[in-house]
Amino acid sequence: MTTREYDYIICGAGSAGNVLATRLTEDPNVTVLLLEAGGPDYRFDFRTQMPAALAYPLQGRRYNWAYETDPEPHMDNRRMECGRGKGLGGSSLINGMCYIRGNALDYDNWSTHQGLERWTYLDCLPYFRKAETRDVGPNDYHGGDGPVSVTTSKPGANPLFEAMVEAGVQAGYPRTDDLNGYQQEGFGPMDRTVTPKGRRASTARGYLDQAKTRPNLEIVTHALADRILFDGKRASGVAYLRGSERATAHARREVLVCSGAIASPQLLQRSGVGPGAWLKELDIPIVLDLPGVGQNLQDHLEMYIQYECKEPVSLYPALKWWNQPKIGLEWMLNGTGLGASNHFEAGGFIRTRDDDPWPNIQYHFLPVAINYNGSNAIEMHGFQAHVGSMRSPSRGRVKLRSRDPNDHPSILFNYMAEALDWREFRDAIRATREIMRQPALDRYRGRELNPGADCRSDKELDTFVRARAETAFHPSCSCKMGYDDMAVVDDEGRVHGLDGLRVVDASIMPIITTGNLNAPTIMIAEKIADRIRGREPLARANVAYYVANGAPARNVAKAVRQPETA
C-alpha cells in the first residue's frame, strides 16, 4: 500500500473537480491530487469528441457508469436509465453539450434560504462569465476569455430549427435571442459547449489542458475512491483502489468530493457520513449521523413529441451507415459539417400557467426522430421536441447497497409522485401540440408519431408519460446546501459537523435549476474555488434580468392559430 501527501485531494475529475484542480493549482505553493475512476479523455475517440456522436458514450460502460434506478413506482415500475460520465471530464465528457445556465430566479430563490444570501443570480453571474469564452465575444452576460468554449447558432443551420422557434412565437410565446442573457423565457437559439474546431468542450479540454502539466497537480486515472479517512471529525485523506492495488493519500488541508449527485452521497455514506440507520444496516462505523446525505434527489424528466417531416430536410439520412464515413471525415479534417454539431441548436422555456413565476417547461428541438441514447430511431424523415418539467416537487434518494465501492447504490428518483407533476406534463404535451400546428411548420409537419393524435384525454396522456418519459440526465441536490436539518453542506460546500471536507458538484444544489446542469455545476465550482483559496468573491454583477411579475404566460390573442377546442 502506498501513501502520499497533498494539500488537497479531489475525488472526481468531472464538471466541478476539474475546475477546482485547475484553480487551486494556479498557486504554485499548493499541491493537488485529482482522482478519477475512469480513464483519460482520448482525443482521437470520436465517441466523446465528435458532438454529433453524443449518443455513443451512453451505449456502453467505458465512459458511462450506466446506473439504473430501482423500479420507479409511478412509472409502471420501470428501472430507468441514469447515465453518469466516467473519465476525465466526467459527465461533461458524455453530455448533450447544451450550455444552459438556468433562470435568474433559480438563484434568487436559493438565496432566500437561510444562510444562502450570497447565491443570488447577480452573485453567480460573474462566475458564469469567468468560466466562458463565447464565440461571438463577451458582453454583460457572457465571458470572452474563460476555459469553456461556447458556440452559438450560425446561419445555414437546419431550417427546422428556425421553423420551430417561429412556431413557438406564432403560438403566442416570446422570442429570445439569448437563453442565457437578459431573458431565458421564450424560444430561440441554444448555446453549446463546442470548440471553434468542432470538438466537444468538456472540462477536461477546457480546464485540465491548461493545468495538467503543472508540477503541483497529480492526476491519477482508474482510481476509484473507496473511503474518506478521518482523524476524529477531520477528513485526513482518501483510500482508493487502482485495479487490485490499494492506496491511500493524505490531505494536509481538505478533501474535496466532486463525484456527482449519485457517487458523492455514495462515497460519504461508505465513509461513515450519512443517515445513521442506513449506515448501521451495513455495519459501517458512524463518523457523523448526517440525515440529509443521499436525500432530496432531483432530476428532470422529459418526453419526445415526434412528427413525420414532409420535406427531406431532417437528419434521418445521417443515421445511415453509408453516409457516416463522409460526415466523419469532414469533421476529422475540418471540424465542420454535421459531425461538428450536437444538433440541439434551438429550444426554449415557457410558463404553462400565468401564476408560474418563471418557466416550468423546457424544450430542446431536434431535427430527427430518435431517442437521446440513439435507440428507437424512426425510419423516416422526422423531427421532435424534447419536453419536460423543470422543478418537480417529487424527491428521491441515493442509498448505499454495500460497502464495496464497485457496487452501484440504490437509486430512486420517485418520478411523478406528486399531482403537480402530472398537471405539468399534460400541459406540456398540449402546449407542444399548439406550437407544432402553427403555420411556420406547415410545410414540414406530417402526422404526429408519438404520442399520436388519438392520445388526447388526461388518462391517455398520463399512460403515455408513465410508459415513455425518460431522464434528461440531470441528477442533483442529494447533498444539499443550506442550514436546515436536512442540509449536508454550508454555503461554501463545507460538510456540516466535520472539518477539512467539502462537497462541490451538482449534488449541493438545494433545488434543481431550470435547464441543463453542466454550466451551473461549473459555476458552483468556480465560486467555491475562490472561497477555498481565501479570496474575496467577484464583485456582484449589475445587470437587468427578466421577471414576469404576473405577465401572461402566453399571448393567446396574438397566436396565428388559436387553441383547438376540446
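Placement of Cβ uses the backbone N, Cα and C atoms for every residue, glycine included.
The FAD binding site annotation in Swiss-Prot covers 7-36 and is backed by sequence analysis. Around the Cβ of Val19 (FAD binding site), a 10 Å sphere holds 32 further Cβ atoms from the protein chains shown.
If you look up Swiss-Prot, you'll see 185-204 marked as region 'Disordered'.
Annotated active site, proton acceptor per Swiss-Prot: His474, in sequence order, evidence recorded as sequence analysis. According to DSSP, His474 (active site, proton acceptor) is assigned to coil rather than to any helix or strand.
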For Asp27 (FAD binding site), the nonlocal same-chain Cβ neighbours (under 8 Å, six or more residues apart) come out as Asn216, Arg533
DSSP three-state assignment (helix, strand or coil) for Arg23 (FAD binding site): helix
Which whole-number value in Å describes the distance between the Cα atoms of Arg23 (FAD binding site) and His474 (active site, proton acceptor)? 25
At the level of the C-alpha atoms, what whole-angstrom distance separates Leu35 (FAD binding site) and His474 (active site, proton acceptor)? 23
The one of Ser15, Thr31 whose CB sees the fewest other CB atoms within 10 Å, among these binding-site residues: Thr31
